[in-house]
Amino acid sequence: MVAFLQNIIAGLETGSLYALAALGLVLIFRTSGVINFAQGEMAMFSSFIALTLFQHNMPYPVAFIGAILFAVALGYIVERVFIRPASKANLVSKMIITLGLIMIFSGLATAIFGTDSYFFRKAITADNLNAGGVIIQPNALFIIAITLLIMGILFYIIKKTMVGIAIRATAQNEKTAKLMGISVSKIYSMSWIIATVLGAIAGVLIAPTTNISTAMMMDVHLKSFIAAVLGGFGSFIGPVFGGFSIGVFDNLVGYYISLKWKTVIVYGLLILILIFKPTGLFGKSYRKKV
Amino acid sequence: MNLLKNKAVQYTILAFVVALIPLLLDINRSTLTLWNMVIIYAIIAIGFNILLGYAGQISLGHAAFMGLGAYIAANLTGNLELPFLLSLVLSGLIPMVIGLILGLVALRLEGHYLAIATLGFGVAIQQVFKEWTAFTNGFSGVRADNPVIFGLEISEREHYFILGMIILLLLVLFAHYLLKSKTGRALLAMRDSEHAAQAMGVSLFKYKLIAFAASAFYAGIAGGLFMHLIRFTEPNAWGITLSLNLLAMVVIGGLATIGGSIIGAGFIVMVPEFIKDIEFLASIKSFATIFTGFAMIFVIMFFPHGIARIGTQIKIALLNRRNSRVDKGKGGAPNGRSKG
């Protein structure tokens, strides 16, 4: 029982980060119809910025905020330079552009930061708590709390504010949104910025577990895809649910079935979900019109 | 002269001429290894182009098929001591069967979802390579011997180049005739609109499976050839990096052209070599990756038909400009259609 709870907590910790990253993916997909395959590499780049600031004797919060500010700029630039000029291109071309971005960012990171792997500190370094044999790291609680907080703010913005209404309107129908006086290009910029920031936060928070290296986000990024697929690209709550469940599932499979074959089982699950329920648990199916 | 206009004859002549170059000139071994790599990548790129360029199905997991082909070739010639040619055919056929399964998955998915599913497939298979040590020997890697054909051992790169060129030629001709036939037209129809193709009686089931099977077969053959050329492999070679490079080859070279696939393969292999010679660029680590990424985005944005068709595209653009200038000179509407 203790081991089970221990795994659940560890699963929720990583799962919340998958959820953050997945939320970024879905936000971009819903507004601009692009799946950002480069989100993981962009988050890795932002994490390196945090590391660089930290190495130059900046306090941890400054490094964290520095990474977020960098992510804001990065998201804006990527959208303006690479995505917007191709807004009329077909779906495969857009996908190819974000796949090209993977090469650019991983190449740039190798060129600037090298191929070494660096240790990065945890956000909270207090002693572990012991709740009836289950060891809880304060850092895990902090991560879960901060992601829930961020998601709460995001959902408030999406549901209650004018910006949120504009985002949802753009997601539903770009042309009508334009006719209603919404500056659709601003919404695009904004969703790319928010998504990049979400990715960067996930990157900085996962760094103590994975260490910071050019390959650090591979796993998180792929898991965030599974989270988005599981929850469905059609809703904003879906990926959050998907993120938490994939985090927990991943840990349980690793503990009870096989640590070696965990990855294969989890990706097998991904393909099964895609085959049997491509719209995800929360997605609505729609009929494609010719 | 009509014979020379036949594409198949052109391919054959070109292949024979190029295959003989290394015998005539004195080229060092490492350069010839690169030339051989171009052939191997060209094979997988042609297969991938059938899938992406003609059938319009994206895959981010095709490195797995090539890896599978490599491991199968190593095991069949090493452990089971099968003859090289038989093992090469099998290293294409077994991935083909798995490609059929992926094709079944693709029947239910399109666009983004297919990309994500194949990405997951690629990662899962790479993980299998890492863990299934009986088959792959894990990170220690497997070795293979020089290929032996009818008692002749091929140890020189020049000879391997000829062997590779013959196989490439066979596969080019197969692709050429496949794509010129009813199948090719059905694939293009499916790419442009699945619904319209279905309405015209094109069986999506059949043609998606054909596209996936063919591309997996080509990838497996490329893997088998790679194994006997480099004679060593380990799981890290078969990851997302290779799948992305493959995509770059096809996009940069030209979607839906056989020649473009070969040009793209040359681009991917040769760019790092050219960069090595330029001191300033060589000092930037992984400049080749950055450059390839930019090149892929640049090509897809401005020359969506790839390098292979840049000439045609520029010609058309110039013609259009001249036409519009002529029309302006007349002060009339273009093509004189407005009055009608």
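Cβ coordinates come from backbone N, Cα and C, glycine included.
These come from TrEMBL:
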type: TRANSMEM; residues: B:9-27; note: transmembrane segment
type: TRANSMEM; residues: B:33-52; note: transmembrane segment
type: TRANSMEM; residues: B:84-106; note: transmembrane segment
type: TRANSMEM; residues: B:113-129; note: transmembrane segment
type: TRANSMEM; residues: B:160-179; note: transmembrane segment
type: TRANSMEM; residues: B:209-230; note: transmembrane segment
type: TRANSMEM; residues: B:242-268; note: transmembrane segment
type: TRANSMEM; residues: B:280-303; note: transmembrane segment
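For the transmembrane segment (B:160-179), the partner stretch with the most Cβ pairs below 8 Å, chosen from B:84-106, B:113-129, B:209-230, is B:209-230. Take the transmembrane segment (B:242-268) and the stretches B:33-52, B:84-106, B:209-230, B:280-303: counting Cβ pairs under 8 Å, B:33-52 has the most.
Residues 22, 27, 58-59, 62, 66, 157, 160-161, 164-165, 167-168, 171-172, 175, 178-179, 187, 211-212, 214-219, 221-223, 225-226, 229, 246-247, 249-250, 253, 255-258, 260-262, 264-266, 268-270, 273 of the same chain, all 6+ positions outside the transmembrane segment (B:33-52), place their C-beta atoms under 8 angstroms from a C-beta of that stretch. Here the transmembrane segment (B:209-230) has Cβ contacts under 8 Å with residues 33, 36-37, 39-41, 43-44, 46-48, 50-51, 54-55, 57, 59, 62, 65-74, 77, 84, 87-88, 91-96, 98-100, 102-104, 106-107, 144-147, 160, 164, 167, 171, 175, 178, 183, 187 of the same chain, all six or more residues outside its ends.
Long-range contacts of the transmembrane segment (B:84-106) within the same chain: residues 57, 59, 61, 65, 68-70, 72-73, 76-77, 114, 117-118, 121, 147-149, 167, 208-209, 211-221, 223-225, 227-228, each at least 6 residues beyond the stretch ends and with a Cβ under 8 Å from a Cβ of the stretch.
Tertiary neighbourhood of the transmembrane segment (B:113-129): same-chain residues 57-64, 67-68, 71, 102, 105-106, 136, 235, 238-240, 243, selected by CB-CB distance under 8 Å and a gap of 6+ residues from either end.
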